[in-house]
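As annotated by TrEMBL, substrate binding site applies to S64, N114, E160, N167, Y191, Y243, V261. What TrEMBL lists as domain 'STAS' is 332-396.
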Amino acid sequence: MRPIIPDYLAEVLGDVEPDTSGEPAGYIPELATADTKYLGAAFAMLDGEVYGAGDIDIEFTIQSISKPFVYALALSDRGFDSVVAKVGVEPSGEAFNEISLESGTGRPLNPMINAGAITVHSLAGAEDLDPAGRVERVLRGLSAFAGRRLKMDEAVYASEIEHAHRNLAIAHMLRSHDILTGDARTVVDGYTRQCSVLVTARDLAMMAATLANRGMNPLSGEQVVPEAVVRQVLSVMFSCGMYDAAGDWGTQVGIPAKSGVAGGLIGALPGQVGIATFSPRLDVHGNSVRGVSLFERFSSDMGLHVMEVPPAALAVLRSNHVVGSGPNALRVLELQGGIGFAGAERVVKEAVDNPPSEVKVALDLTRVYSIDDVARRMLLEIARRLTLSGHDVYLVDPESIMKDPDPGDGGRVTVVDSVDQAAIPMGAVQ
Ligand SMILES: NC(=O)CC[C@H](N)C(=O)O
C-alpha cells in the first residue's frame, strides 16, 4: 500500500505552492537572499515515525522557534519562580520585536517576543555559566529536543549581530530595569547565536513531537524537560506563539505553535503529533505565508484543533458483568482506554447507580493504558467505599498501570494479574 500521509502532504503542498506572496525577512541580510522556492512539511508521530513531503531535509536557521525550547530549558534549569519573576506569561498583542515591558514590574510580557526571549536566554543553564557555556547549554538542549547534534550557521549569526540594533535597544532597556543583570551586549550575542542554530523541517517536527510527547523525545527516549515545564511552554505557545496574530491563530488553527523569520513554523498537538513547515516568505507579522496556509489546511482537514477533543470518557466502562455464581460470584467492572476525570466519573456513577450485590468486586484494568492522578484517586475511593460496605475488592492490573494501589483509610484492594485469579475461591487449589 502507498503511504497515505505523505501523499496527502504532497497534495496540500501542491495547493499552496502557487502562493508567492510575502517576502523573506529583510532585516537580516543573510536571510533576505533565502531561496524562496523551498516548501516542505513534516509530521512526527509520538513513536518517532516521520512523514514528510517537499523540502524537509534542507537546513535553515531556527530563529524564534528556539524561544519556546529555550524557555523550557530555563524553567527546568532555574525553576518556575525565578523565571516567572523575570518574564510574564501574558499575550502582548504586539509585534515580536516591540520595545515594550509590563508596566509596574518592568518584565517582558512573555517569552515569545524578543524582550522575553533575550531575558530567557540569560536564564538558561546555571547562573554562574560564562557566556560560551550558556550558548553551549542552549545548543545541547535544542539538540536533545531534536534528537541529534545541531550546529550554528556562523554567516547568519554574523549577519544578524551586525544589524542587531533593535535587540540591543531592548536588552539595554531590560538592563536598566535590572531584568537583565549581566552585560546587555553579551546576552544579545548569545541570543543571536541561539537564533542561528540550523535545523530542518524534519528536526523541527521532532522537536515539536517532544513537546507533544510530554517532554520525552520519541526517537532517543530522553526526557528532555519535566512534564510540568512542557505544560507551561505549550500554554504560552498557544496564547503568544504567533505574536499579534495569536488570537486569530488560536481560533482558526488551534494548535500551540511558534514561527521563525527564516520561514519555519511548528505546531505541537499534545498527545498526538509534532508538525513543522518550511517556506521562507513571511507575512506582515513575520510568520511564513505558506506555512500559515498549510497549518490552516491541516487543522481543518484533520480536526487538529486542541479544543476539539473526542469524548474519551464514554468508552471507559467496557462492560459490567458477573463471573461465576453463588458465594464466589465476582462482579467485574471492565475498564478500557486512558482514564481521566470524566472517565473515572462514569465508573463512580456505575458503582453508585448499580451497587454490586456480589461480595467480590473487581476493577479490571487489563485494557487500560493510562490513569491520570485524579482518576487514580477516584478509582481507589470507589475501592475504599466498597471495602467499607463489606466487599472484597480486587484490582486486575497485570501491567501495574495503577501506581501505589492503596485506598487508605480502611480500604483494601487485592492486586491480581487476571480476572481468573480474582474469581478462584480463596484457598482453592488449582
Ligand atoms: N521572529 C523571529 O524569528 C525573530 C528572531 C530574530 N533572530 C530576531 O531576534 O529578530
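Backbone N, Cα and C define each Cβ position, glycine as well.
TrEMBL labels come from automatic prediction, so no person has curated them.
For ligand 1, the nearby binding-site residues are N114, N167, V261; that is, of N114, N167, Y191, Y243, V261, these have a C-beta under 6 Å from one of its atoms. Under a cutoff of 8 A between CB atoms, and with a sequence separation of 6+ in the same chain, the neighbours of E160 (substrate binding site) are I28, E30, T192, C195, S196. Averaged across the domain 'STAS' (332-396), pLDDT in this predicted model comes to 95. Within the same chain, residues at least 6 positions away in sequence whose Cβ sits under 8 Å from that of V261 (substrate binding site) are A25, I28, L31, Q63, S64, L282, G286. N167 (substrate binding site) counts 24 other C-beta atoms within 10 Å of its own C-beta, drawing on all protein chains shown. Per the record's binding annotation for substrate, residues S64, N114, E160, N167, Y191, Y243, V261 show a top Cα-Cα distance of 21 Å. Note: Y191 (substrate binding site) has non-local neighbours A117, I118, H121, N167, i.e. same-chain residues 6+ apart with C-beta under 8 A of its own C-beta. The Cβ neighbour count for Y243 (substrate binding site), using a 10 Å radius and every protein chain shown, is 24. Under 8 Å, Cβ to Cβ, and six or more positions away along its own chain, N114 (substrate binding site) finds S64, F96, N97, E98, R166, N167, I170. Around S64 (substrate binding site), a 10 Å sphere centred on its CB holds 24 further CB atoms from the protein chains shown.
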